[in-house]
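The substrate binding site annotation in Swiss-Prot covers 116, 166, 170, 288, 320, 372 and is backed by sequence analysis. Taken from Swiss-Prot, the feature active site, proton acceptor applies to 168, 287, supported by sequence analysis. According to Swiss-Prot, the feature Mg(2+) binding site maps to 194, 196, 197, an assignment based on sequence analysis. Marked as N6-carboxylysine by Swiss-Prot: 194. Per Swiss-Prot, the feature site 'Transition state stabilizer' maps to 327.
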């Protein structure tokens with residue numbers, strides 16, 4: 001073995017971290033970055049800089065490099081690709097040895113991949129487009145507390161998507177009035193109701209009073225309908241200790257499901273709560289508040305497909321996924337891609353959906369995607385087609401905005417859903433024939449008829465900001 005020597009000074013990153021001859025190992029963690037360099041900076045140099053600054057490198061050589069096997073531990077920029085339709089940036093593919101990351105710690109992975117490197121001056125912008133977690137690393141993560149099949153067994157609901165509703169107005173209701181709205185929605189035919197992401201424990205409605213009134217409403221609706229019901233009680237709190245206190249109380253009063261804002265709450269808190277839910281038989285609903293700050297800019301940040309993978313590994317039984325057809329951002333093909341990431345055991349590379357790597361989740365349970373945001377009964381045929389059975393279709397204003405009240409809004413959604421599922425099971429092209437399916441169903445449901453009349457002109461026809469790269473469409 002050749003003796004190591006130390007040569008002080010600064011050398012180009014590409015001398016150490018640009019390795020186009022490298023063949024990634026099955027155990028490597030692979031990352032695809034969309035890199036927008038400063039003018040005049042060579043692609044190979046800036047790709048190598050990303051690999052260096054997200055792994056072992058710093059701005060100068062250091063003598064302590066001699067005390068380790070730097071060639072083993074370093075990140076390696078091994079491939080560069082053009083971004084179709086955009087000559088201001090390029091894709092840089094980086095391989096990291098698995099030993100760089102603490103087992104089961106999404107916190108540690110993100111600290112490296114999206115840490116200081118995102119402030120590097122040689123970059124105008126940087127976006128983490130996708131990550132391939134090796135199966136050896138996946139197996140160190142807890143994943144969803146229960147998964148889709150266990151949830152169906154707990155809730156005793158099969159053969160269709162689940163129906164939910166976010167209680168509105170999201171802020172300002174007293175606990176008793178909040179519970180009343182929950183009861184009316186569940187009695188009307190929904191499976192779940194939900195706290196909104198910013199409902200925690202404010203002066204107008206403290207968490208414990210909300211939990212009590214909501215659970216009373218849930219149990220009353222269960223008795224009257226003979227169906228299992230639930231409400232996502234948001235336990236997101238200022239401290240982990242307070243979060244667990246709220247979770248314990250939810251369990252004590254008999255709630256089947258709690259909720260966490262995983263990005264604002266953080267991955268450390270989320271992984272801990274997922275572990276607690278697994279141990280205590282509680283389902284865990286995950287809201288993605290703050291995601292658009294990270295993922296909406298097509299040149300800088302973290303793509304939602306990465307945040308989806310991280311959540312599946314960290315733990316959650318539900319995750320908000322966008323709707324494609326509602327009021328929130330969401331390219332159809334990209335959304336189908338991260339729905340697959342949530343639910344499937346193995347996801348093949350598919351550039352048409354923005355998926356840059358194969359991803360193997362082994363036997364890890366799937367996460368149920370939640371379609372929520374500006375949807376109503378006219379969207380039901382498209383939602384059933386896009387999301388399939390293993391999903392939650394969540395209508396907030398599309399339930400509570402019904403002219404006849406909350407229970408009627410819930411009934412309209414339930415009738416619309418069951419009509420679409422029945423038609424699909426008969427082989428009808430539901431999305432194509434949606435209008436006729438709903439019109440026929442409305443002949444025996446005045447609630448649905450009024451809902452269709454109320455929202456027939458409501459559309460959210462804005463262009464998607466974060467589109468898939470054009471040549472992959």
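Positions of Cβ are set from backbone N, Cα and C atoms, glycine also.
Computed from a predicted structure; not experimentally measured.
Counting only same-chain residues six or more apart in sequence, the Cβ atoms lying under 8 angstroms from the Cβ of residue 194 (Mg(2+) binding site) belong to 164, 165, 166, 167, 231, 232, 259, 285, 394. Here the binding-site residues are 116, 166, 372, and the one whose Cβ sees the fewest other Cβ atoms within 10 Å is 116. The recorded positions close to residue 196 (Mg(2+) binding site), defined as a CA atom within 10 A of its CA, are 168, 287 out of 116, 168, 287. Annotation for residue 287 (active site, proton acceptor): same-chain Cβ neighbours under 8 Å, separated by at least 6 residues, are 197, 234, 259, 260, 261, 262, 320.
Residue 196 (Mg(2+) binding site) carries neither a helix nor a strand DSSP state and counts as coil. Geometry remark: residue 116 (substrate binding site) versus residue 168 (active site, proton acceptor), CA distance 40 Å.
The maximum pairwise C-alpha distance among 116, 166, 170, 288, 320, 372, the residues recorded as binding substrate, is 37 Å. Between the C-alpha atoms of residue 372 (substrate binding site) and residue 168 (active site, proton acceptor), the distance comes to 13 Å. Other than 194, 196, 197, the residues of this chain whose Cβ falls within 8 Å of the Cβ centroid of the Mg(2+) site are, in sequence order, 166, 167, 170, 195, 198, 199, 232, 234, 259, 287.
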